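Colleague: Structure provided below as structure tokens; questions to follow.
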Amino acid sequence: MAQHQVNYASAAGLPIALTSVDKLVNWGRSNSLWPLTYGLACCAIEMMASGASRYDFDRMGTIFRASPRQADVMILAGTLSKKHSEFARRLYDQMTEPKWVISMGSCANTGGMFNTYATVQGVDRIIPVDIYLPGCAPRPETLQYALMMLQKKIRRESANMNNNTKQNLRLV
């Protein structure tokens, strides 16, 4: 009996079945983002406004969660102190994989106007950040745009990608 070797690889060298499954999995992940509500300062007010009836992020599949075990996106909004950074890191570690982080506001991105010994000068020193959202304080429309950019990023990445191979996005 003759045996034929069939090549199931695409032009990129990846198996066709796996790339199709990756696209399906990433589509599901991108359309059901569940951010962890973690507001630290002024930006938290804008984050809360984004969940209210005027902007209603729930209609896009973005449902805010209070437990890190139910969340896959962490939005760090506001100034992060060094004392509080241990708690933020613990929450990040408790989140399920895959997980993404949005740094919201100038204080979270670079420490803002608080250049002191007690302030972390950028959340990315504690937690790997996927999207940097500039502004003081960014409007809910900007947060909505950041979530849309995160959805595009999730659709592009491989389903087995870990946090070390991710690339950061800066929204300007």
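Including glycine, each Cβ sits where the backbone N, Cα and C put it.
So Swiss-Prot says this about it:
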BINDING   Cys42, Cys43, Cys107, Cys136  [4Fe-4S] cluster binding site
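For each listed feature, how buried is it and what is near it?
Modeller: Sequence-distant neighbours of Cys42 ([4Fe-4S] cluster binding site) (same chain, 6+ residues apart, CB-CB distance under 8 A): Gly78, Gly105, Cys107, Cys136, Ala137. Classification of Cys42 ([4Fe-4S] cluster binding site) by DSSP places it within a helix.
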Colleague: Residues near the [4Fe-4S] cluster site, Cys42, Cys43, Cys107, Cys136 excluded, by Cβ within 8 Å of the Cβ center?
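Modeller: After dropping the recorded site residues, what remains is Ala41, Ala77, Gly78, Thr79, Met104, Gly105, Ser106, Ala108, Gly112, Gly135, Ala137, Pro138.
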Colleague: Would you identify the secondary structure of Cys136 ([4Fe-4S] cluster binding site) according to DSSP, in three states?
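Modeller: It is coil.
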Colleague: Take the Cβ of Cys107 ([4Fe-4S] cluster binding site) and count every other Cβ within 10 Å, whichever protein chain it belongs to.
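Modeller: I count 27 other Cβ atoms within 10 Å of it.
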